C-alpha cells in the first residue's frame, strides 16, 4: 500500500519550498536512460521499427487473402512467432527518457502481442469479421430501388446522428467482409482499421459495452453473390447508449461539448496533481524499501537524503496518518489515471472527427467506398454509466461495464479459443483476462528506465488477480445472501443494495490498489507532464524553478540515428 507517514524521516527544519524533489529525480531518470543508450544497453522507441511486431507484420500478412490458400493460412504460426520474438526484444531493449513513453513501451510490446495473436491465432478475421462501410448509391437504386436486376422495396433508414444524416443523401451503409478480390491498398485499409479498432466500433466483434448496430448473421454475410448485394447495415438500430450506459453523441455540437469538457477537466486535474505529487516522495520514487528512499540527492547540496525525501507539510499535518495518507494517495492516483484516460482519447477523437476528413480523399465514384471512421457513432464515450454498472452490479460492473473496455476483446480471446461455453469457462475467462491485464501493466512498469533495475513485476499481476478474486467473492456472497432470504430482489431497498455495492467496490480497491500504484510510482510515471501549459504554475503555485511551459526536448518527435539502419527512425 502507499508508503506510511513514518517512512523517510521528517528532516526537522527542512524547507520543502526550496528543493524540487520531482525535478531533481527526473533529471537523474533521464541521465540514467541516456547513459544506458550510450553504453548500448537500451534503445529509444522509434517509428517505424519499434512497431514492426505489433502492427506492420500483422498488417501485411492479414492483407493477403488466405481463405482459399491453406498453406498460406498455416503461415500464421510463423508470423505469430515472429511477432512474439520482436516484441520480447522490444521489451528487453527499449525505453525512453520520457516517463510516459517508457511506460507505454511495455504496453506496446505486450498488448501488440496479445492483439496480434487474437487476430492471427484465436480468431479468423478474413472469414468472420466485417466492418460497416459507406458506399455511394447507384442512380437506379436512388430512383426505383432496383438492384442486381431484381426490383425490391428500398430500405428506408433513419439517420442516427448528424454525420450519418449527411452521408445518407448519397450513400448507403453495408457490412463489408474482407475484400479478397479488391486492390492491395483497399485490403490494407480494411486490415489497418481492424488492427486499430480495439473496442470493435463499427465491426461485427464490437464489445457489448458500446452502442453498436446489430451484426448480420454469418450465413447472410458470406453467402452473397456479388458486391452489389452486400448486406445492408442497420445503423438506425444503434441505441443512443449501450446496456452499460456508455453513450454516443447524436450531434457534432454534443460531441464537441463533451470532448472539450473532458479536455478541460482532465487538464486542470493533471495540472493540480503533478504539482502535488512531485512533492510526495512516494509518487517520485515509489514505496520506500525498509523505510528508506534511495540516496539520490547530489552530494554538492547541503540537503540530506532523509530531509529531501521527507513528507511535505500537507501530509504530515493530517490526522490518523496511517489511514489518511494511503487513502489520499490512492484517491490522487485514481484521479490521475482517470484524467489521463479521458485526456488522450478526447484529443484523438476530436482529431479523427474534425481533422481527418480534411486529409481523406473525396470521391463521387459509384464504385469506391468511403470510410466511416470519421463519423460520430464510431466514437462512443470511453466509460459506461456509474449507476448502472457500479452501483447496481458492484465490482463486476466496475470492471466489466464502467471501466474502459479497450483491451477486452484481446484479453478474453485465448479463453474463448480454448474453453467451451459454461460456468467454468466463464470463470476461466475472467481469471485469464485479469492475468493478462496484470502482465500488460507489469510490462509498462518494467520498461520504465528508473524501475528496470528494481522492477517488482508481480505487484500489478497481484492487483488484477485480486480483482478477479473480488468479483467472484462478491458474486458468491450475494448468492448466499439471496439464498438465505437476506437479499431479496424486489424487496430489499434499491438504495441499500447500491450502498452495499459501492462500499464493497471502494473498500476492495482501496485495499488492493497498492499493487498497481506502487508499480507506476517506481516507474516514474507521475513525473510525466501530459499538458504542455500549466495555469497553476503561471499563477505561482508550482515548485521553485518550474516554468508554466512544461514540455522540453524529451517531448515530441525527433530523428534518432542508431548504430544500424533498423535502429534509426522517428524517436517518440
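Numbers run from 1 along the shown chain.
Heads up, the Cβ atoms here are built off N, Cα and C, so glycines get one too.
Because TrEMBL annotations are produced automatically, they should be read as predictions rather than curated entries.
When averaged over the domain 'Wax synthase' (386-452), pLDDT in the model lands at 90. TrEMBL lists 386-452 with the feature domain 'Wax synthase'.
According to TrEMBL, the feature region 'Disordered' maps to 133-154.
If you look at the transmembrane segment (46-64), the same-chain residues 6 or more away from its ends with a CB under 8 A from one of its CBs are 72, 75-76, 79, 82-87, 90, 94, 105, 108-109, 111-113, 115-116, 119-120, 125-126, 184, 187-188, 190-192, 194-195, 560, 562, 566-572. As annotated by TrEMBL, transmembrane segment applies to 46-64 (among others).
With a threshold of 8 Å between CB atoms, the same-chain residues lying at least 6 positions outside the transmembrane segment (71-88) that come near it are 52-54, 57-58, 61, 64, 108-110, 112-113, 116-117, 120-121. Annotated transmembrane segment per TrEMBL: 71-88 (among others), in sequence order.
According to TrEMBL, the feature transmembrane segment maps to 100-121 (among others).
As annotated by TrEMBL, transmembrane segment applies to 260-277 (among others).
Long-range Cβ contacts of the transmembrane segment (331-360) within its own chain (Cβ-Cβ under 8 Å, at least 6 residues beyond either end) map to 163, 252, 255-256, 259-260, 262-263, 265-267, 269-270, 273, 276-277, 283, 370-371, 373-376, 379, 382, 404, 509, 513, 517, 520, 526, 530-531. Summarising the annotation, TrEMBL assigns transmembrane segment to 331-360 (among others).
Here the transmembrane segment (380-403) has long-range neighbours at 201, 209-211, 241-248, 258, 341-342, 345, 467, 470-471, 474-475, 478, 497-498, 500-502, 504-505, 508-509, meaning same-chain residues at least 6 beyond its ends whose C-beta is under 8 angstroms from one of its own. Residues or ranges marked as transmembrane segment in TrEMBL: 380-403 (among others).
Taken from TrEMBL, the feature transmembrane segment covers 424-443 (among others). Residues 91, 106-107, 109-111, 114, 407-408, 410-412, 414-416, 457-465, 467-468, 471-472, 516, 519 of the same chain lie 6+ residues outside the transmembrane segment (424-443) yet bring a C-beta within less than 8 angstroms of a C-beta in it.
What TrEMBL records for 455-481 (among others) is transmembrane segment. Among residues of the same chain six or more beyond the transmembrane segment (455-481), those with a C-beta under 8 A of the stretch's C-beta atoms are 394-396, 399, 427, 430-431, 433-435, 437-439, 441-443, 445-446, 448, 487, 504, 508, 512-516, 518-519, 522.
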Same-chain residues at least 6 beyond the ends of the transmembrane segment (100-121) whose Cβ lies under 8 Å from its Cβ atoms: 33, 45, 50-51, 53-55, 57-58, 61-62, 76-77, 79-80, 83-84, 87-88, 90-91, 94, 194-195, 198, 407, 409-411, 413-414, 417, 436, 439-449, 520, 523-525, 528, 530, 572
